[in-house]
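Report on one structure; see the data block that follows.
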Amino acid sequence: MTGGPPYNSQSPTQQPRYPVYSPPSKTRPYYPNNDQYQQHPPQTPPAFPPQPPLARSPHYSHAPSPLPATLPPLNGGAPPSHHQESSSQYQAHQSSGTPQFPLPRPYSASVLSSNGASPYNHPTPSHAHPSSGRLDSLSQSPPKKDQESLYPIGGNVASGFSSSIMLSPPCILSDSIQKPARAADPMSFASILSGPTEERPLPRKQSPLPEPAPVQTPAPAPPVLAPVPAARKATPPPPTAPVPVPAPLPEIKEPEPLPTPLPRLEKKPSAEKRRRNVDQESRASESLPVPPTNGVSEPAKVSRASNVRKTMSERDTEAINKIIAEIDNAEKSDVESPGFEAEYERYIAKGKKRALDAEKAESIRRKRRRHDFLVKLGKTFEKQANAGMDRFRVANEASVIAEVQAKEIQDEKERKKDMQRKRRRENTVRLEMQKKIEAERKANKANDAAEKAKFLREAERAQRKIKSTKRALEGVTSPEEIGEVTPLAPNLEGGTTSSFHIGRSSPSRRKSGRSGGSSRPKKSKEQKQAEKDAAEAAYAAMENDEPLPLAPKEDPRKESLKKEAKGARSKEPTPQPLSAFESKGYNQIYEQIWRDIARKDIPKVYRIKALSLSTRQENLRKTAQLASKQSRKWQERTNKSMKDTQARAKRTMREMMSFWKRNEREERDLRRLAEKQEIESAKKAEAEREANRQRRKLNFLISQTELYSHFIGRKIKGAEADASGDAAVDGSDETVRPGKAGDHTIDLPSSVADLSTKVTNFEDLDFDAEDETALRQAAMANAQNAVKEAQDRARAFNAEENPMAALDEGELNFQNPTSLGDIEISQPNMLTAKLKEYQLKGLNWLVNLYEQGINGILADEMGLGKTIQSISVMAYLAEVHNIWGPFLVIAPASTLHNWQQEITKFVPDIKVLPYWGSAKDRKVLRKFWDRKHITYTKESEFHVLVTSYQLVVLDSQYFQKVKWQYMILDEAQAIKSSQSSRWKNLLGFSCRNRLLLTGTPIQNNMQELWALLHFIMPTLFDSHDEFSEWFSKDIESHAQSNTKLNEDQLRRLHMILKPFMLRRVKKHVQQELGDKVEKDVFCDLTYRQRAYYTNLRNRVSIMDLIEKAAVGDEADSTTLMNLVMQFRKVCNHPDLFERAETKSPFSLAHFAETASFVREGQNVDVRYSTRNLIEYDLPRLLFSSSGRLDVAGPDNEKVGFQNKYLQHLMNIFTPENIKRSVEDDGAFSFLRFADTSINEAYEQSHLGVFERAVRRRGQSDRLSQLGVIYDNEGDQTANSVLPHSLFNIVERNDRQAVYDVAPEGYMRDLMTVSESSFERQGLNVIEPCASPAASAPPIFISCSGQTALRETNDTFFSVPVRHALYSTPSRQLEEQILEKKLDPAPFSLPPMLPKPLSAKGRYTHIEVPSMRRFVTDSGKLAKLDELLRELKAGGHRVLLYFQMTRMIDLMEEYLTYRNYKYCRLDGSTKLEDRRDTVADFQQRPDIFVFLLSTRAGGLGINLTAADTVIFYDSDWNPTIDSQAMDRAHRLGQTRQVTVYRLITRGTIEERIRKRALQKEEVQRVVISGGAAGGVDFNTRNRESRTKDIAMWLADDEQAELIEQKEKEALDRGEVFGAGKGGKKAALKRKKDLTLDDMYHEGEGNFDDISAKPSGAATPVSTADNIATPSSTPVPKRGRGRGTVKGSSKRAKTTTERLRLIDGDGGL
């Protein structure tokens, strides 16, 4: 229970005595009552009244509790009301519920004072014992002095007046104990002036007293007049008669009876008013309390021990009594008589003033006493708290630490469990999401409603599971009960609380179910709203520091009990209140009992009751179930015959149902079969009609195109059309009559077409009619109209802006080309080159096309000079017809420089404007454009503008404003897609004629050729679906199925293409050109490649790929192509997946570091810079003379003594001693015969073994040579022994060993058997296989002294030692040899270290990947290594083409390893670098290999210096490879060109090559007109292209098995691989992507951009790139990226891939 202290209406609203409660620290101990420090302690209800004898015992004293009560009243009832009392007998208690001290209960009762002041401005409360109700003082026990100081702590020792008068109800006393009414109010004026009743009152002096009426009064008690305290309001005596203070009488006499007062005096309002005032004043007064007397307070008589009463004389007493009697007998009292109002008011004012003064003084004293008391109490509490805290810490610190550690361990376990649960739930969400998506997909594909509903239910279940799992994952649980956590929460039900509960309520222990315990009664809406409003009001009051509005707890039962008790009290006489126990010990025991009951017993009893209730309910439920079963038993008792009858009826019903179902199924099947046959017959008839309609439509389109081609062909070369044998067009005498432009007409025979026939739209033609005459006439009219429109458009090209140009330039102006007539064209004189015969024919064909205003396609094979023919056309127009442009040449980026150079070279008079570069550069170039004049002259700024496809699209708004005379598109396959923005922008340019240059008009399919025809003649070759399908589908299907194409269709196709396309092949027109030989070189997979390939194929399910391909999802197609790319990487080189890394042991060393090499100087000495992490620190003492046994010094006298005497004084090898010995023929006299001087002998004694060996190595062998000088002719050696070398026997006979004398031959082998055998077996070149797991340099000894550093440097960096061991001269010696130009042989001696055993040994254990293994890891690279070795030896030069740029990077490493010179060109090479790289290869014969990417380096460049072409990996498109190999096999090539194609056997590359051969067959059939045969093609159609790619991943056995299953599925009428989706899923496919789109160079969709280029392939800077959305920035390269999943780069569009193909990344 929570809540603050209950404030009633009489409680003052003042601030608490102590500051607001704040939670104690964790280290603060609890108080002994196990409750934390509370700001508002709990309250205690009044105790039970004790028995009267015990309460009135004079020896019984109660120790009052300084704290308020802590328990609520019993049974949750409202606390009993307390009367506000005017006096107090025990100041430690108070009547209100306000706490006196907001502190916890002390340890013992001896600490507190019994007379502490009240914290509020109220009278000090009295003890809970009510008085006995007697009004005389004789009924009280005499006071005991030892009880006056029961509690020694200072306080207000005065006591107040008893509250028994206020507690006891008024009653009528008998005559023997009755007292006058004024005695009940001791503060009244009459009580003060009253005296003994037996004496007569004094008469009044102011006015005569009336005659008193005889009133019977009882004998009063002896008059004891108490002094009036300052805090009380007293009625002043009459001013004329001052009343002295009477002294107590020694004896008490029997009073005389007085006359009874009149009844009207008791009903006076003034008396009641005075009594009311006196009661209020007494309640407000706190001064002059009466000390307790035997625990019972006196009624109203108090006296001070310090005041001595004065005795009055008998005369004074009689006078006073007489006056009192007169006052009592008077009709009105003296104060009620007129004339006393002012005195009365003055009296009231003085009384209030005295009361205020007394109250203020008492308040000051009370505060001082309270402060002293609280200071002492606080110190006592602090001392006890510190002691308790220390005891608690000592007792529980270890257990708390262990508990905290255990809690942390448990929390860590719980956290891990939570993470596991989280992962399981996340997996559940993912799996359920997949199930949901799968169910929704199946539901969308389901045809049956029931099946669809089932799938939807599965999806709904999965969604619910996902929702519940996500809720559990997010931690959302069911709402729990809101537990109150603040100790100051409002108690809206009133009453007091003993404790508050922090945290959530304990979970209910009731069992869920219908048989659970009884639930709480539901509250109405009004009650809930009332509780909510009350809570809001309470919180608002708490925020505003206002008293909380307490709502009494409503309980109907309690209200009824209160009413019954009230009625009973009204009927029965009110008993006398009994005194309750008020001792402190009693209250503590009482509170402890209730606290234990509330904390322990009540929950226990509640649990017992709840368990009993649940058990009882469970038993009742079971009993009810048994009773229900028993009551239903009679229903189960059925007759056996009835059961048998029902069973027979059910069996009969089932049989009947099965019979009729079978019958209906058979009838339904027959009906469906009949309907199916009818539908198939109708479909067949409709298909025949549609086929005839499509045939007529296609025949119309082909006839119209044929007629158009016939007209154009007869105009250009009339004989060619006659030779074609076209039966549909008869020979005619059509001529072109010279004359005016408007007179040009074409004469056709009347049998062919009616000239008056109007042009008919394609949509208005009736293709359902059987008669085709109208269609032929419409085709003839449309063809004639198309020819006329083309010529009119050519004539009117310049007529709009410059109508006078024809008159100014003469009648041969080319603006009217039809006026020229048939002119024989010769080579222009402006052209500096000599055209070949076929090129001159091409020039004539192009000029005739231009004259007729018709566009064309020059499709000569690559290398036959399409560029020079185009340039000759521009030269012819400029020279003959004075047409100087503007001409627009659009080419790939790699050929832009080639166009510029060839135009400048062959036609110097024509000015070329190269239009490329940055946006700023192009803006400057556009200033040379002349948009105002369409006629360009020789003096114009430029004549030909050369640019790339990207820039044309980028600046299309500027190009569209210029009228171009001629637009030449080089490599026109760049516009093979009619849906691309490039195709549409170029088609919108204003130009008179268009010329397309392409060596491969058909690359992947016939649709590309149709796009080119559509571009040159958009009005004729319109995008009709029928024509497009006839072009692509029919012809391709014939090529794929290896069937012969219809001769009529093939002839008509050639008839259509012949007027618009000119194609010559090298072998037909160029005899001097060398042959081209193609060879397929098959390679095998190495062990590493085979492992990679098998692992990849095992991880892929071919059936799953085929099923996904059947669905036709674009994402699945992309994934499939990525998978194909991975297989191609394996075939190329396994290092494309994972490079062999450099290996080294773990180095436990510290490497040298420097902040800047500037500080290190020119030469950085890194020797011994690698140091061990472990350093052995030695003290400087060990390196000084004091710590060394062999170094003399000031601190080492012993070594100095030894050195002095042993090394010098006693040393026989001193020069002086040796000289003396030699002179005296002593022991050293042998030196003269050993060729040794005195100094040499002395040095030999002081040098070490190594120094002597070094010196011995440097001595010349001069003694052994004397034998040659002294030899005689008879081969007898003369006496060549000199005296000074008499003892040098070894030096004189120094003969070389046989090993040195015979450096080669059999003799050397015999002398060096072990060494030669070791070398022959190759043991000296074996690479070490084992390497340590860790390595470290030797432990370094460090010392901080200079001596140690100098000695270490002398040892490590000794120049003579290094020179002797390694035979490396010093830097200074080398410089002197070079400066003096000396022979270095005498200065370079052989090293003293022996030759190492292994030639492959290393100084370190770092293993660099072997390049030899790098070559052998790939079957292709190993074969290429052999091939390049042969080609290098034969003097050939090689063009090496790749699909992947990363493979080019690996090839650079290989060429560097083999020391082959090379250059590189790929898509990232900048434009200027491409030109320089091509020029270097053409001009420098030392460059052996040219590395190129197939797409970027296979277009337009001339590389005739090479005679060998190697394709490391083939392209999807065979025409790309053809273009690449024609870079070498072209005009200018005099040698035979050999083409090698590396193919890995048994892999996907074989199938790709098979597909490429199929495409080549399509080109041969369409372009060359040959028969389709000789190549074995598969029969897979275009719709299953993605499935074909999936089949490439399988081996031959798997492919055969899959084809067999597919055939079986087709026989059953199903779609193989379509899955559960059925035929609808198979038909619902995305737009088919061609193989060229899906794999654009290895640099397009699958460009491996992980390696940075080298050589000439310099990355393009961002400043040179075009900042447009369509531009493709050069990707950053780095190891290990490639096309790995996770790359953030977006997929390239078709436009970007085409741009990358053209190598335009730098524009």
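Indices start at 1 and increase along the chain as displayed.
The backbone N, Cα and C atoms fix where each Cβ goes, and this holds for glycine too.
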Quick check on the annotations: Swiss-Prot lists motif 'DEAQ box' for one of 294-297, 298-301, 970-973, 1294-1297. Which range is it? 970-973
Least crowded of the binding-site residues G863, G865, counting other Cβ atoms within 10 Å of each Cβ, is G865
Under a three-state reading of DSSP, tell me whether K866 (ATP binding site) is helix, strand or coil. helix
Secondary structure of D860 (ATP binding site) (DSSP, helix/strand/coil): coil
By a simple count, how many Cβ atoms lie within 10 Å of the Cβ of D860 (ATP binding site), its own Cβ left out? 21
Please list the DSSP helix, strand and coil residue counts for the motif 'DEAQ box' (970-973). 2 helix, 1 strand, 1 coil
Averaged over the coiled coil (635-706), the pLDDT of the predicted model comes to 81
For the recorded ATP site formed by D860, E861, M862, G863, L864, G865, K866, T867, name the remaining residues of the chain with Cβ within 8 Å of the site's Cβ center, in chain order. G999, R1530, L1531
Residues with Cβ closer than 8 Å to the Cβ of K866 (ATP binding site), same chain and 6+ apart in sequence? L858, D860, D970, L997, G999
For T867 (ATP binding site), just count the other CB atoms lying within 10 A of its CB, please. 21
Counting Cβ atoms within 10 Å of each candidate's own Cβ, which of the binding-site residues M862, L864 comes out highest? L864
